[in-house]
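*Asks:* The structure that follows is given in the form of structure tokens.
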């Protein structure tokens, strides 16, 4: 995701104010959070200590536990002509251009597909080593049964391949235990997030075609699912929609020392098209299908959220801005850990697992008293 540009859309916005609960109740919650954090740190050990065998009726019971899928590296040959012409660029950019035409990678781990009643698919970008982040999401806002108001939600984590750590056996077991890991056979890298976007769109169209909406975000976002569902109540999934923290008039970064550097040879225009910050946004079923189709013919771009904005422009669509998406975090003078502020938002970016657990405990506390205040509007 690109650094925020100095614009009115990214200045601090108003929100609710409130007080943190104090006394024995707060102390009890903090003790629970500490205990839970320690438990999650032992997740890997617990997974290995649990019985590997599934019940006899489980269709995967015959699969050996200690046989994780082996990456089948792409046989796509490098484009040496492009590589020779880009010798003046940083190595990461040369590598991207050399293999930009390679866009078909195998699935290594795959969850079950969506049911016909799936209302919201939560597609979260993660990495193999982010075990604690995935555990935090599953135990907080990803506990979809407690948030869904009778509507069916599905959680999926999106991964590439990141060497041998953590052990592939652990990731394979995590996949079988939670049925929410979607991993492809390409290397985890910032420039490969566009590959992750393309392969996600393909998978959704194939495995979750009936999902009404999809929320795509990073594994360090806090999503207030009830607020997202309330917002979506007025939208038809058959109509185009992509809503989030929209960035307009962003300039390509020409500084070769930052990872967002884009040389003029890769993008000559003065500004990027409008795009939603990649920390998190929501799109309708109709937009998912149209994006997937246009992406198949689009030239890949190193920055994934800008790439989506480029595809939207080709479709003649504009992303919708909503102040409830805080993809650059909560700015001062607002309190970034005010639970009353979170109660009025849809998504907040850049929370650690401990902050996520803390905010979950506070936001879901029925005894929390908040002063009246406006809920962010579109």
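Even glycines carry a Cβ here, placed using N, Cα and C.
Per Swiss-Prot, the features are:
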- 192: N-linked glycosylation site (CARBOHYD)
- 59-81: region 'Disordered' (REGION)
- 1-28: topological domain 'Cytoplasmic' (TOPO_DOM)
- 50-378: topological domain 'Lumenal' (TOPO_DOM)
- 29-49: transmembrane segment (TRANSMEM)
*Asks:* What number of additional C-beta atoms lies within 10 angstroms of the C-beta atom of residue 192 (N-linked glycosylation site)?
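*Replies:* Result for residue 192 (N-linked glycosylation site): 21 other Cβ atoms within 10 Å.
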*Asks:* Per DSSP, to which secondary structure element type does residue 192 (N-linked glycosylation site) belong, with helix, strand and coil as the options?
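*Replies:* Helix, per DSSP.
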*Asks:* Summarise the model confidence on the topological domain 'Lumenal' (50-378) as a single mean pLDDT, whole number.
*Replies:* 90
